[in-house]
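Colleague: Annotations for this protein, taken from Swiss-Prot, read as follows:
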{"type": "DOMAIN", "residues": "10-126", "note": "domain 'MTTase N-terminal'"}
{"type": "BINDING", "residues": "19, 55, 89", "note": "[4Fe-4S] cluster 1 binding site"}
{"type": "DOMAIN", "residues": "150-380", "note": "domain 'Radical SAM core'"}
{"type": "BINDING", "residues": "164, 168, 171", "note": "[4Fe-4S] cluster 2 binding site"}
{"type": "DOMAIN", "residues": "383-451", "note": "domain 'TRAM'"}
């Protein structure tokens with residue numbers, strides 16, 4: 001018998017908060033823990049080690065992270081947990097404060113310390129003081145990095161770059177994640193090939209700004225060049241682009257999305273506002289004319305485009321007139337999906353010191369008005385799809401009822417864009433099938449699987 005066979009494995013529970021980019025970090029971190037010594041569990045009460053991968057982007061995310069940490073501390077007091085590890089953006093930002101305020105936390109890691117997880121657990125086991133182990137955010141994983149999938153086998157995320165050079169005045173991310181660091185095209189292709197071979201039908205490319213991919217490498221790498229290589233992977237079905245900065249969307253990229261069948265006709269382009277004065281204070285590199293021209297070029301070349309964006313309401317100095325302009329812009333109906341954020345005053349950002357901070361009550365009112373306006377737009381755009389046949393990725397039985405299958409159309413990104421409820425027909429989980437849309441709501445679609453032999 002091997003020595004490792006006689007040692008009881010330690011159970012590890014990973015709680016990952018925030019965005020998909022954070023989820024990839026969590027999967028990589030778990031990959032660094034040898035399977036012959038550690039066993040992953042989703043039951044925190046049974047876990048010997050709990051790792052909380054925090055988000056510290058805005059106030060709501062920080063509050064969720066703190067609440068989750070307090071719950072994990074309770075497991076350490078009353079459950080099996082003997083080691084509590086905190087990593088991610090919140091610990092990168094507030095390691096010193098957290099070390100003082102949360103003595104129950106054994107190890108604090110930053111966003112750049114992912115590959116040190118095993119080293120630090122072993123150091124803690126030896127009695128070394130490794131509570132504050134937050135380093136500079138310089139890490140970047142590649143195709144050789146071990147990774148434990150937590151997403152369904154048929155859909156996955158691939159982080160093509162880390163960090164950001166955009167320096168928007170409201171955003172703390174460059175301080176938490178560091179400057180732009182792009183992977184090589186060969187590395188991304190190798191990872192996607194492996195994931196597709198393991199059954200992935202949908203690959204979602206992510207970064208803080210995917211359009212900046214390659215700008216730091218000085219080897220000619222670009223998002224367009226990467227996509228040309230990825231579409232050569234024969235078994236890949238859907239390739240989705242998430243988080244594209246508007247001034248990085250070239251005509252060449254639009255043409256690729258328009259003509260390459262494997263690239264979803266879907267763009268997620270955070271615009272943040274439409275008023276030039278607000279955009280300038282946000283330190284965005286685009287104005288209203290550029291935004292409108294971009295939307296026109298995208299819609300003209302990709303008639304079937306699904307366009308998602310996000311806006312910030314209540315930015316410092318945003319007047320009633322500036323908000324009214326944003327509201328009218330949304331009501332024009334350009335977008336299939338919109339995420340709205342109330343401005344969060346983040347310390348150590350230029351916007352935090354701007355005059356004319358907007359009261360929380362006004363932010364909330366503007367948020368509600370903008371969301372309601374987009375709900376009406378989304379409802380109309382979804383109703384226009386009734387009668388069409390669309391490809392749908394089947395994800396399993398609905399959370400609402402086991403009588404219905406559910407999935408996502410090619411128009412719906414994971415986690416943020418609603419679902420398709422399948423009222424007739426059968427398919428396997430992970431299968432992409434044609435579906436005729438029979439009904440819709442603001443966010444979801446309803447339809448029946450089409451027998452292709454009858455078409």
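Every residue gets a Cβ built from N, Cα and C, even glycine.
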Colleague: Near residue 164 ([4Fe-4S] cluster 2 binding site), which residues of its chain come within a Cβ-Cβ distance under 8 Å, counting only those 6 or more away in sequence?
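Modeller: In sequence order, 171, 173, 174, 177, 179, 180, 208, 209, 212 meet the Cβ cut-off.
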Colleague: Compute the centroid of the Cβ atoms of 19, 55, 89, then list the same-chain residues not in that set whose Cβ lies within 8 Å of it, in sequence order, for the [4Fe-4S] cluster 1 site.
Modeller: 17, 18, 21, 22, 54, 56, 57, 61, 88, 90
Colleague: Counting across all protein chains shown, how many other Cβ atoms sit within 10 Å of the Cβ of residue 89 ([4Fe-4S] cluster 1 binding site)?
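Modeller: Residue 89 ([4Fe-4S] cluster 1 binding site): 29 neighbouring Cβ atoms within 10 Å.
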Colleague: Beyond the listed site residues 164, 168, 171, identify every same-chain residue whose Cβ lies within 8 Å of the center of their Cβ atoms for the [4Fe-4S] cluster 2 site.
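Modeller: So the additional residues around the site are 166, 167, 170, 172, 173, 174, 208.
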Colleague: Do me a favour and check the Cα-Cα span between residue 168 ([4Fe-4S] cluster 2 binding site) and residue 55 ([4Fe-4S] cluster 1 binding site); whole Å is fine.
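Modeller: Residue 55 ([4Fe-4S] cluster 1 binding site) has its Cα 18 Å from the Cα of residue 168 ([4Fe-4S] cluster 2 binding site).
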Colleague: Would you count the other CB atoms within 10 A of the CB of residue 171 ([4Fe-4S] cluster 2 binding site), including those on all shown protein chains?
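Modeller: Around the Cβ of residue 171 ([4Fe-4S] cluster 2 binding site), 22 other Cβ atoms lie within 10 Å.
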Colleague: Taking DSSP as the reference, which of helix, strand or coil describes residue 89 ([4Fe-4S] cluster 1 binding site)?
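Modeller: The three-state answer is helix.
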Colleague: If I take every residue in the domain 'TRAM' (383-451) and average their pLDDT values, what number comes out?
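Modeller: Mean pLDDT across the domain 'TRAM' (383-451) comes out at 93.
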Colleague: For residue 55 ([4Fe-4S] cluster 1 binding site), what residues in its own chain, 6 or more apart in sequence, show a Cβ-Cβ distance under 8 Å?
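Modeller: Residue 55 ([4Fe-4S] cluster 1 binding site) has long-range Cβ partners 17, 18, 19, 22, 61, 62, 64, 65, 88, 89, 90.
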Colleague: With every protein chain in view, what's the tally of Cβ atoms within 10 Å of the Cβ of residue 19 ([4Fe-4S] cluster 1 binding site), excluding that atom itself?
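Modeller: There are 20 of them.
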Colleague: What are the DSSP helix/strand/coil residue counts across the domain 'TRAM' (383-451)?
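Modeller: Helix (H, G, I), strand (E, B), coil: 1 helix, 33 strand, 35 coil.
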